[in-house]
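J.: Shown below is the structure under consideration.
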Amino acid sequence: WGCLRLPLPLCHALAAHCRCPASHTLRCREPLTVSSLSALLLGAHRPTDVIIENQALLTSLTRDDTRMLWDLRHLTISNSGLQYISDDAFQDNHRLSHVNLSFNALTSLSWKTFQHLPLQELTLEGNPFNCSCGIRWLQLWQNGSRAELGNQSLLCWEGSMLVALDSHPLHDCEPPTARIEHPDVVLRQGDSVNLTCHIWGEPSATGEWVLPHVGSEPSVTKLSEWELVLEINNISSSLNHKDLTCRAENSVGLAEDSVMLNVTFPPVILLLSEAIPQHFWCIPFSVDSNPTPRILWLFNGSMLPEGPYIHTRIVEYEPNSTVLHGCLQLNRPTHVNNGNYTLVVQNPLGRAARSIQGRFMDNPFSFSPEEPIPVSISPLGTRNSSLEGPVETADEHTFGVSVAVALAVFASLFLSVMLIALNKCGHRSKFGINRSAVLAPEDGLAMSLHFMTLGSSPVSSTESKLDGLKSNFIENPQYFCNACVHHVQRRDIVLKWELGEGAFGKVFLAECSHLLPEQEKTLVAVKALKEVTENARLDFQREAELLTVLQHEHIVKFYGVCTEGDPLIMVFEYMKHGDLNRFLRSHGPDAKILDQGQGQPCGQLTLSHMLQIATQIASGMVYLASLHFVHRDLATRNCLVGHDLVVKIGDFGMSRDIYSTDYYRVGGRTMLPIRWMPPESILYRKFTTESDIWSFGVVLWEIFTYGKQPWYQLSNTEAIECITQGRELERPRTCPSEVYDIMQSCWQREPQQRSIQDIHSRLQALVKTPPIYLDILG
């Protein structure tokens with residue numbers, strides 16, 4: 001059989017005179033062995049290339065012969081007896097692009113046979129065509145070099161003379177024309193329309209109207225050989241933006257003219273679904289209207305004002321349609337946004353409305369944070385139950401004053417006794433009393449802001465078995481200068497939406513009244529504690545005291561706490577651009593890829609911008625080092641970006657949830673950011689201000705790689721091996737050598753050789769005179 005790589009069923013199905021020299025190729029060359037293509041391919045696999053030559057018995061080709069060749073791309077029938085090809089011979093061969101019909105017995109050939117094909121090459125040399133209107137289309141194609149016909153020498157018989165087709169005049173053989181005479185086609189739903197089509201051609205042309213589904217039955221009237229009138233009554237909105245086409249054709253070719261109807265109608269709500277969580281929450285809807293409708297929303301029956309955080313977004317326009325697909329987009333909605341949402345669409349012709357319930361989260365409070373907190377008063381006597389409220393008597397007033405005075409005297413005596421006792425107990429320390437900060441068991445990184453540890457805090461296996469890790473704080477006016485934690489009234493806090501969630505609880509964007517004297521309302525980030533155990537409350541209190549101490553322009557500002565009821569709340573300043581890692585990625589060269597083409601493109605950070613960011617973080621680190629505070633988790637994910645590229649150190653405790661791949665779990669609960677840790681911290685769990693400097697070097701590397709993960713090509717175990725063996729991160733392509741030298745200064749093997757003051761000074765110098773950097777690797 002001589003078959004190579006062809007599926008076995010095809011080889012068995014072919015006649016013995018055909019060959020399959022390549023996969024999916026059929027070749028029949030032995031003379032007088034093929035009379036029908038359909039019989040040859042019966043029951044066979046479908047080839048993509050068919051080559052038939054020297055077959056005088058093969059005289060016709062119809063749709064029945066080719067209907068099973070769905071994958072046919074190349075067809076050759078040459079040196080055969082082919083005389084006739086039907087108009088629909090290739091109706092089912094939508095991939096056919098190369099046709100060779102050379103040296104057959106074709107005297108005529110219709111353009112209709114090839115009109116729907118993606119034809120790249122049509123070979124017709126050696127056929128005895130008659131010079132007639134039936135091959136005028138070939139002359140036009142040849143003169144226009146379509147389907148490679150311009151490179152062929154086609155001949156036709158004019159009587160007994162064989163002439164060149166491309167230059168032979170074929171009289172009275174022209175393609176038809178079609179023209180729709182139409183009035184103003186802006187119609188209202190329910191109107192009627194009459195359209196007249198004028199057709200012409202030589203030889204004479206036939207005409208027809210090609211219509212979409214129009215609902216009511218259209219009427220077509222033939223006024224003459226040249227005029228067709230279309231009448232449609234009770235126009236439907238489904239005809240809006242639909243084409244009505246008049247088609248004329250003759251033996252030379254085809255002509256069409258179309259008109260698009262513009263049907264106006266009142267708005268219709270096609271879809272309104274329940275809210276679905278995406279990167280944001282979306283209440284999806286679809287509406288249809290012409291003209292374009294006004295879209296607005298009601299929330300619990302009142303007008304919903306739209307802004308940057310709640311707004312309507314059209315996500316898709318259907319081509320040649322008035323249907324709009326969109327959603328009401330809610331960024332980080334909270335329980336405040338739960339309620340009834342009504343979509344209202346209207347245009348000059350009418351109005352439509354539909355409602356749906358939206359529920360985004362449960363109320364994290366036992367009461368509405370927008371309402372005043374009820375204060376319960378234990379009755380000291382008979383209360384007035386009238387609507388005017390309680391009436392205070394003179395006796396009650398005298399009694400109240402007496403109680404207040406007695407309490408004040410008692411408090412003074414108690415404080416005096418406590419001070420004497422403290423002085424006696426503390427005589428062994430020349431600095432005074434000791435204070436301890438207890439971290440969560442087995443998790444030195446459990447606190448949301450890691451300013452809990454002073455100086456060095458090595459973690460041993462023995463200590464990990466204790467109930468908590470204790471570090472002694474030296475009494476110093478800088479640390480505990482009678483720091484008074486500011487208390488914020490819960491009624492002054494109005495939650496807007498959730499920013500994120502961590503192991504401790506949730507962080508919300510909120511609006512706080514009376515927080516700053518120069519502003520009536522201030523946007524803040526609110527951290528709500530999930531646990532309400534006694535240990536959690538103690539940790540909350542200690543953290544609040546420490547955060548109150550930290551006051552620096554590049555440390556996230558702590559405003560205070562709210563302890564009225566549950567949950568316990570910490571209030572921080574709000575940094576509008578979020579964490580630095582995402583900010584770097586969205587302003588880097590791969591921003592469009594990471595965003596998947598969505599959203600507005602951000603400008604790419606320059607060398608000057610990156611140096612400014614690094615210097616600000618270094619400034620915050622100098623401040624922490626001066627207080628001997630150890631951060632323990634310094635990374636771009638734990639820095640926040642505000643207005644005008646202001647960068648501050650801070651961490652709301654969400655990073656271990658959002659950036660979980662940046663942490664390595666040790667034992668049961670401990671999550672360590674090993675890619676940012678120096679060898680002494682990995683090997684001995686020793687965290688110092690010097691270990692923070694190592695982490696700062698990695699932060700520099702993150703900045704100059706636009707937020708890439710350190711050692712991103714390695715697993716956590718492989719990264720640990722590289723760090724402990726002394727390998728360093730490679731210099732980023734966008735990083736000048738002067739900056740890489742600073743990184744390497746942070747990665748000195750000996751901790752005492754790392755100096756944050758020196759690093760900060762060098763960065764400040766680079767900001768003033770940025771290095772000239774040429775990207776020779778790019």
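Glycine is no exception: its Cβ is also placed from the backbone N, Cα and C atoms.
So Swiss-Prot says this about it:
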SIGNAL    1-14  signal peptide
TOPO_DOM  15-400  topological domain 'Extracellular'
DISULFID  Cys18-Cys20  disulfide bond
DISULFID  Cys133-Cys173  disulfide bond
DOMAIN    281-347  domain 'Ig-like C2-type 2'
DISULFID  Cys282-Cys327  disulfide bond
TRANSMEM  401-421  transmembrane segment
DOMAIN    493-763  domain 'Protein kinase'
BINDING   Leu499, Gly500, Glu501, Gly502, Ala503, Phe504, Gly505, Lys506, Val507, Lys527  ATP binding site
J.: Tell me the Cβ neighbour count for Cys282 (disulfide bond), meaning other Cβ atoms within 10 Å of its Cβ, over all protein chains shown.
T.: 18
J.: Counting each residue once, how many in the domain 'Ig-like C2-type 2' (281-347) are helix, strand and coil under DSSP?
T.: 3 helix, 43 strand, 21 coil
J.: Consider the disulfide-bonded residues Cys18, Cys20, Cys133, Cys173, Cys327 and say which one has the Cα lying nearest the Cα of Val507 (ATP binding site).
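T.: Given the candidates Cys18, Cys20, Cys133, Cys173, Cys327, the nearest one is Cys327.
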J.: Give the helix, strand or coil assignment DSSP yields for Cys173 (disulfide bond).
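T.: Cys173 (disulfide bond) sits in coil per DSSP, no helix or strand.
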J.: What does DSSP assign Cys18 (disulfide bond), in three states?
T.: strand
J.: Which of these disulfide-bonded residues is closest to Leu499 (ATP binding site) if you go by CA atoms: Cys18, Cys20, Cys282, Cys327?
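T.: Spatially nearest to Leu499 (ATP binding site) by Cα position is Cys282.
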J.: Among the recorded positions Cys18, Cys133, Leu499, which residue has its Cβ surrounded by the fewest other Cβ atoms within 10 Å?
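T.: Selected from the recorded positions Cys18, Cys133, Leu499 on minimum Cβ neighbours within 10 Å: Cys133.
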J.: Work out how many Å separate Glu501 (ATP binding site) and Cys282 (disulfide bond) at their Cα atoms, rounded off.
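T.: So the alpha carbons of Glu501 (ATP binding site) and Cys282 (disulfide bond) sit roughly 20 Å from each other.
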J.: When a 10 Å sphere is centred on the Cβ of Cys20 (disulfide bond), how many other Cβ atoms does it contain?
T.: 23
J.: Can you tell me the CA-to-CA distance separating Cys18 (disulfide bond) and Cys133 (disulfide bond), as a whole number of Å?
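T.: Cα of Cys18 (disulfide bond) to Cα of Cys133 (disulfide bond) measures 38 Å after rounding.
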J.: What same-chain residues, at least 6 away in sequence, bring their CB to under 8 Å of the CB of Cys327 (disulfide bond)?
T.: Cys282, Ile283, Pro284, Phe285, Thr312, Arg313, Val315
J.: Round to a whole number and give the Cα-to-Cα distance in Å for the pair Cys173 (disulfide bond) and Cys20 (disulfide bond).
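T.: Distance (Cα to Cα, whole Å): 44 Å.
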J.: Just to verify a number: CA distance, Cys133 (disulfide bond) to Gly505 (ATP binding site), in angstrom, no decimals.
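T.: Here the two Cα atoms lie 83 Å apart.
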J.: Round to the nearest Å and give the CA-to-CA distance linking Cys20 (disulfide bond) with Gly505 (ATP binding site).
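T.: Answer for this pair: 70 Å between alpha carbons.
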J.: Output, ordered by sequence, the same-chain residues six or more apart from Gly505 (ATP binding site) with a CB under 8 Å from its CB, or 'none'.
T.: Lys527, Ala528, Leu529, Lys530, Glu531, Pro567
